[in-house]
Amino acid sequence: MRQTTDSWDRKGGSFLSRFMATKKKGGLDGVTDDGSDPGDAARPEGMDAQLFRHTVDNMGFRPKFPQPPAYIKVRTKFKKEKQFDRMFLAQELRSSNDKTQVPAPGANPAPQSGSAASHNPIWATEFSKDGKYLAAGGQDRIVRVWSVISTAEERRAHEKDESEPVAPGDEGSRLSAPVFQQKPVREYHGHTATILDLSWSKNNFLLSSSMDKTVRLWHITRQENLCTFKHTDFVPSIQFHPRDDRFFLAGSLDTKLRLWSIPDKSVAFWTQVPDMITAVSFTPDGKTCIAGTLSGLCMFYETEGLKYQTQIHVKSTRGQNAKGSKITGIQTTHWPPGSSSGETKLVVTSNDSRIRLYNLRDKSLEMKFKGHENNCSQIRASLSSTGHIVCGSEDRRAYIWSTSVSDAEKRAPQQRPVEMFEAHSSISTCAIMAPLKTKLLLARSEDPIYDLCNPPPITLVSKAESIISSRAPTEHGEFASSALNTPAPSIAASKRHTVDPTPQYLARSAHVGGNIIVTADYTGAIKVFRQDCAYSK
């Protein structure tokens, strides 16, 4: 038997039961809404939310600005004002068309490699660096990539693709504020077991790691697998080098940390780590590699040669979490979040249902976040450019913390405010917030929420275009330009003049109150929740 299996057996339990097993434990079920909102009691839970849709009649009419969406219930703890109020379900993406089965309480949600599995959990979701794409992978061994709707033409194409045959005298419905094209732009096949992690490069290359002991390389412009990197055991975590996408870091259960050279298709450097590697990361400058282990060790290495630097043990000072728990995720960022320089901080997720923020410089623990349940799953938190930590949970919720610290929190660090909402009817395996670049792209697509919140610059058109565009469409869907005895001008021929956006408009385009949170669950469902930043209008 292999060394990894022997060491696992000494810890007790099989790999699957320890790697992703769930354990029902008391959570925040008794938490009520501290934030007071008159209509909040009538709001549905996120898992019961209705999609934000509008009806379209047989003539194809749709309102420019639909009726306000139905908001979901958002709970708070240790705070009264909700920063993430007025959330609604904007879109649902399915990872497959297969029927799924929700696991019973106490069941083992460990990833299965066989095709007979009745469930289809998503274990990894990742936005591309340019904010244009969302990738997801998990149980069904397929990497799917969805494209953000970024132009008015793409929005109209989405509406056309979404349209269903409408019976005479009946009405159809359309999504009112979708974020993604409903159909994936790519579906990558090749893995023969559960996908565990994904990583985008700055040039839109995509890596996927799997329980089939391989890492595969893809590119958004290509359908085929570009390269396969073989390992001797499962690969729970991977990451592209942040400055040079010819290299990537891979952590495996064979206890080896590898720095791969993609052009050479070989390992440039490797080192032995004291325990099974369950999470890896680079620092933002790419000069330091970090490996998290099964026992809670966080190991630091110089990227050049993978020379050992130091280590910290991620654990509590006392209590049941004092022995250390498996690290499920590591993310590094410049501080403050969203900046391109400054101090470097680490966000470390672990299986003691804690998320910790460390200072890279002196390895000191600066903040600790709790409230979610992550006892045995490979759930990992993510830090957004707005300074919010978002995380899924075994209790089916999505949790959101702010990293800004008030005076009250400094006096009582154990009472760190948190907001949460019921996202799914099963384990919420992933939760991430869309980056600023995604919101900027969406704002260019005549998105009804963003356009109402921040009206776009005026587009000047000719008098002929104005008359034509004001006329009703014909039965063929074209404007009746024959009445004017003039042909309808094409987009290329029309002379449109858009007023340059003002600095105020550009500042509002960040839509600070219009966040997008993507969650995924154990059944393979992917939900897109949005915050209504145009509620006052």
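For all residues, glycine too, the Cβ spot is worked out from N, Cα and C.
As recorded in TrEMBL, the features of this protein are as follows:
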- 154-163: compositional bias 'Basic and acidic residues' (COMPBIAS)
- 22-47: region 'Disordered' (REGION)
- 95-118: region 'Disordered' (REGION)
- 154-175: region 'Disordered' (REGION)
- 323-344: region 'Disordered' (REGION)
- 115-156: repeat 'WD' (REPEAT)
- 188-228: repeat 'WD' (REPEAT)
- 228-262: repeat 'WD' (REPEAT)
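Per-residue pLDDT, averaged across the repeat 'WD' (188-228), gives 98. In terms of DSSP helix, strand and coil, the compositional bias 'Basic and acidic residues' (154-163) has 9 helix, 0 strand, 1 coil.
Here the repeat 'WD' (188-228) is broken down by DSSP into helix, strand and coil counts: 0 helix, 21 strand, 20 coil. Secondary structure of the region 'Disordered' (323-344), assigned with DSSP and counted as helix (H, G, I), strand (E, B) and coil, comes to 0 helix, 11 strand, 11 coil.
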